[in-house]
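To start, the structure under review is shown below, and the notes come after it.
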Amino acid sequence: MKFEDLFLEIGGFGRFQILILFILCLPRINLPMHFLLHNFLAATPSHHCAIPHQEAFVNLTMEEVLLISIPREPDGTFRSCEMFSQPQFHLLFNSSLQPENSSNIQHCQHGWVYDHSQFTSTISTQWDLVCEQRGLNQATATFFFIGVTMGAVVFGYLSDRFGRKAMLLLSLVCSIIFGMLSAASVSYSMLAITRTLTGVALSGVSLIVLPLGMEWVDIQHRTFTGILTSIFWSIGNMLLAMVAYLVREWHWLLVAVTGPCLLSIVCLWWVPESARWLIANGKVKQAHRHLLRCARMNGKKDFAVSPEALRRMATDKKPGESYSYISLFRTPVLRKISLCSGAVWFGVAFSYYGMSMNLTGFGLNMYLSQFVFGVIEIPAKVIMYFLVNRVGRRQSQAWALILTGLCIGANVIIPKPFTSLRSVIAIMGKGFSEAAFTTVFLYTSELYPTVLRQNGMGYTSFVARLGGALAPLVFLLDEVWRSLPEVTYCGVAVCCGSVAFLLPETLNVRLPEGIEDIE
């Protein structure tokens, strides 16, 4: 008897599973509020060099002081990172005569003045992470994703070793602790460290929620489960736009997006450990208790499977045998799956975060962009629900990622003045990008056997977070060539999407329990 056969006895998708999925979706809402927080936490408002007061400026307006103190760009705006070494009073009479001698121009000497009309404060304005320090500002997101990368390895292993629920609880508690410490940061170094640790903690939530839900539902409802939990990510996306719009001060913004983890911890009380994991690890009595509760809640009062029958179902692991990340590469079919799925995950995350962290590049208000990007994800997920069941996981995964790359590439060619067309293409690209992300979570959890599922998810999540960590740094390539970041995102998405064609199809296939089922 396989575990899938038990669903005939306990109900594969009833009140029990709906309750679990609803509770597990609460922390899922919280994830994008941290993963995409960099857009608002580290936003850089318009700024210019601070001008020290001089007696000669007494009768001048602020506009005139700026005119004689700061050089202008060709479009007439004041430069953000440079000032004149001496006031250029002649510009008061003819402001079009910009000095040709660059020796009069120097970097800001007295700090910066920021436009606070949109943000009360961000980490950019707090620690002057602009101009020469711009790289540190982008690195804040990279530090967070490095933490998520490390967390993927740690929690992938621990949740296979000690159980899904215990590690999910641990990751939520750590998320609150480090999230609040981030909000209390008094230096950039403290923020970088606490955001990295927050990333480690939240990685556990990201990694465990979907497999824990999937392991409690039958084959027919696996796709629905994956899409449902993914839709709550999009809801979190939209809520982030609303919270960031209402809270313009970065300390309180961190508090606002971390607080909901408390609710998730309270609700987790009603979520049982994965019965699949318990049986695979020989904890048969506990599994039987949870299965009995599931059957009663689903109205299946004739559940009669004994603990002895469950013990016989346990995956026949040799005494003392344990599985690790190395197990993912020991056998030929599993090795191919691991290499190809790793490449796909890298491309999915790299292009997704590349688009998500470029809110101002498509001609829309950043709050509106964040909200619209969240809204467009929902129809993309609904379409994928039907596609993955009709054309299969492999084709859906490959084409969603390839089309994401083509949309990013199209915006390289479309001229900047065509803002409406660029916005439409960007929104379509975001939809394809989210479709690829939705599919890859579902697809990967079906590719790996139960004994290695969390290790597999941990490994692929590790590779994805490497993509997420590199994505914000790629924006710095615009100093080499303005369009180089977009060309990079496009190329990676198309190449990694093509790799998905090498993976096996999992549509309507039983979840594998052991490595022998894969091979």
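Think of each number as a place in line: the chain as shown, counted from 1.
The backbone N, Cα and C atoms fix where each Cβ goes, and this holds for glycine too.
As a whole-number mean, the pLDDT of the domain 'Major facilitator superfamily (MFS) profile' (87-507) in this prediction is 87. What TrEMBL lists as domain 'Major facilitator superfamily (MFS) profile' is 87-507.
Below 8 angstroms of C-beta separation, residues 34-35, 38, 41-42, 123, 129, 167-168, 171, 191-192, 195-204, 206-208, 324-325, 353, 357, 454-459, 461-462, 464-466, 468-473 of the same chain, each at least six residues beyond the ends of the transmembrane segment (139-159), sit close to that stretch. Here TrEMBL flags 139-159 (among others) as transmembrane segment.
Taken from TrEMBL, the feature transmembrane segment covers 166-186 (among others).
Panel annotation: around the transmembrane segment (192-212), residues 20, 24-25, 27-28, 30-31, 34-35, 139-140, 143-152, 154-156, 158-159, 164-165, 167-168, 170-172, 174-175, 177-179, 181-182, 185, 225-226, 229, 271, 274, 441-442, 445, 453-454, 457-458, 461, 465 of the same chain, lying at least six beyond its termini, place a Cβ under 8 Å from a Cβ of the stretch. The transmembrane segment feature in TrEMBL is assigned to 192-212 (among others).
The transmembrane segment annotation in TrEMBL covers 224-246 (among others). Long-range contacts of the transmembrane segment (224-246) within the same chain: residues 13, 17, 21, 24-26, 28-33, 36-37, 39-40, 209-210, 213-214, 217, 253, 256-257, 367-368, 370-371, 373-375, 377-378, 381-382, 384-385, 434, 437-438, 441-442, 445, each at least 6 residues beyond the stretch ends and with a Cβ under 8 Å from a Cβ of the stretch.
Counting same-chain residues at least six beyond the ends of the transmembrane segment (252-271), those with a Cβ under 8 angstroms from any Cβ of the stretch are 19-20, 23-24, 26-27, 29-30, 33-34, 37, 40-41, 165, 168-169, 172-173, 175-176, 179-180, 182-183, 212, 240, 243-244. Here TrEMBL flags 252-271 (among others) as transmembrane segment.
Sequence-distant contacts of the transmembrane segment (337-355), counting only residues of its own chain at least 6 positions beyond either end whose CB sits under 8 Å from a CB of the stretch, comprise 35, 145, 328-329, 373, 397, 401, 404-405, 408, 426, 429-430, 433-434, 436-437, 440, 443-444, 447-448, 456, 459-461, 463-468, 470-472, 474, 485, 488-489, 492-493, 495-497, 499-500, 502-504, 518. As annotated by TrEMBL, transmembrane segment applies to 337-355 (among others).
The transmembrane segment feature in TrEMBL is assigned to 367-387 (among others).
Listed by sequence, the residues of this chain that lie at least six past the ends of the transmembrane segment (399-418) yet keep a Cβ under 8 A from its Cβ atoms are 344, 347-348, 351-352, 354-355, 362, 384, 425-426, 428-429, 432-433, 435-436, 439, 483, 486-487, 489-494, 496-498, 500. For 399-418 (among others), the entry in TrEMBL reads transmembrane segment.
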